[in-house]
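Per TrEMBL, the features are:
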type: BINDING; residues: GLY94, LYS95, VAL96, ILE97, ASP98, THR116, ALA117, ALA118, SER119, SER125; note: NAD(+) binding site
type: BINDING; residues: ASP121, ASP168, HIS252; note: substrate binding site
type: BINDING; residues: ASP121, ASP168, HIS248, HIS264; note: glycerol binding site
type: BINDING; residues: ASP168, HIS248, HIS264; note: Zn(2+) binding site
Amino acid sequence: MDARKIQLPREIHTGAGMIKETGKICRNLRLDGDVMVVTGPNTRKIGGDAVIESLLEEDYNVNDITIDNPSKSSVEAVQDEIKQCSLVLGVGGGKVIDVAKLASTRAAVNFISVPTAASHDGIASPRASIKDEGGNVSLKAEPPIGVIADTEIISKAPFRLLAAGCGDIVSNYTAILDWKLAHRLLDIDYSDSAAALSEMTAKMTINSADAIKEGLTESAGLVVKALISSGIAISIAGTSRPASGSEHKFSHALDIVAPKPALHGEQCGVGTIMMMYLHGGDWKFIRDTLKVIKAPTTAYEMGIEPEYIIEALQMAHTIRSERYTILGDRGLTHESARVLAEKTGVI
Ligand SMILES: NC(=O)C1=CN([C@@H]2O[C@H](COP(=O)(O)OP(=O)(O)OC[C@H]3O[C@@H](n4cnc5c(N)ncnc54)[C@H](OP(=O)(O)O)[C@@H]3O)[C@@H](O)[C@H]2O)C=CC1
Ligand SMILES: O=C(CO)COP(=O)(O)O
Ligand SMILES: [Zn+2]
């Protein structure tokens, strides 16, 4: 039996107005000492101030820092600031949460994830995507000890963010197909339980697609719980394989080649349509589900020119090349990339 350590959040709090309980939740988790609150320029007002107020009400000594990109320098800046702290809270979207997550891991202090949008599955995952010279790199990190998801705040976020979160969940379908393929071809370690959790999460979200509506706390709750569940599947597997396959390679490539990339979840959703086609699966079902959710299904809807879609498809196999997927080791030719994007209606 190979020795494994699985780290999972100890407490997950979801509900309208939950952010006001942050101070009490931290005290109940027996988290003492000074606290650092990390936010983004928009999310400082949207959630950061309420978190700070709640912590002050519980007599915490609170510092705060605002970051505007998920770079190595942002992580280092937060790490420098948290030298005297024993707890870090990331309050924002995926970029803020990733920076706070990695900085707290490196400083060996507790981290609590406070998503203000249900836009990605990094909320509870043991990964952090940080920009470096070559683009985004996915780094190992410690998952949060707690998650506080205020569905009131999340439901009021631009609906585009919720739809993007659904794209990141739907992407589990092709991620699992790629993982199974790599396991069969190359005997890559595979976790039935992580795959089952990831696939069930995607299925439940897709079956509820009609219920995912703008401004509803119920919709926010459904999607944020699914995203947390995807992050837990990553923790169980010890790799992002349950939620990241060829469709993510396409998205990461698009982040590099597109002058103005779309949201992570949007790109992953569109990538799932095309990679499901390559797998010979029901790509129209994926496309139609994303349409019901009002997530983008074309380059135009993502605001990305067709040429960058083709370029990203051709480049995708080179992203994390050790991770075998349906793209194979040689990837797509220009013509096959063009035909793929056209046949699936992406361009
Ligand atoms: N670690 C992991 O496992 C994973 C990490 N990721 C990473 O997450 C990032 C994508 O996250 P995503 O959230 O899509 O993008 P961002 O973090 O860039 O957030 C998008 C924008 O939404 C704003 N925002 C967040 N919440 C609200 C709100 N309630 N109301 C209004 N605006 C809001 C943010 O504001 P502000 O600028 O103030 O933050 C930001 O301007 C990528 O870097 C990706 O690599 C994705 C999946 C998994
Ligand atoms: O986005 C993710 C899962 O949805 C994380 O995956 P990566 O390991 O490809 O960054
Ligand atoms: Zn993702």
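If you go along the chain as it appears here, the first residue is 1 and each next one adds 1.
Yeah, the Cβs are placed from backbone N, Cα and C, and that goes for glycine too.
Automatic, uncurated: that is what TrEMBL annotation is.
Worth saying up front: this structure is predicted, and the values here are computed from it rather than measured.
Of all residue pairs in ASP121, ASP168, HIS248, HIS264, the annotated binders of glycerol, the farthest apart have Cα atoms separated by 12 Å. Less than 6 Å separates the Cβ from ligand 2 in the case of ASP168, HIS248, drawn from the binding-site residues GLY94, SER119, ASP168, HIS248 in sequence order. Spacing of ASP98 (NAD(+) binding site) relative to ASP121 (substrate binding site) is 11 Å (Cα to Cα, whole number). For ASP121 (substrate binding site), the nearest neighbour among the listed binding-site residues (VAL96, HIS248, HIS264), judged by C-alpha distance, is HIS264. The record assigns GLY94, LYS95, VAL96, ILE97, ASP98, THR116, ALA117, ALA118, SER119, SER125 to the NAD(+) site; their largest pairwise CA distance measures 16 Å. For the pair ALA117 (NAD(+) binding site) and HIS264 (glycerol binding site), the Cα-Cα distance reads 13 Å. The binding-site residues examined here are ASP98, ASP121, ASP168; by Cβ neighbour count within 10 Å, the least packed of them is ASP98. SER119 (NAD(+) binding site) is 8 Å away from ASP168 (substrate binding site) when you measure Cα to Cα. Spacing of SER119 (NAD(+) binding site) relative to HIS252 (substrate binding site) is 16 Å (Cα to Cα, whole number). Packing around VAL96 (NAD(+) binding site) is summarised by its Cβ count: 32 other Cβ atoms lie within 10 angstroms of its Cβ, all protein chains included. Annotation note: SER119 (NAD(+) binding site) sits in a coil segment as assigned by DSSP.
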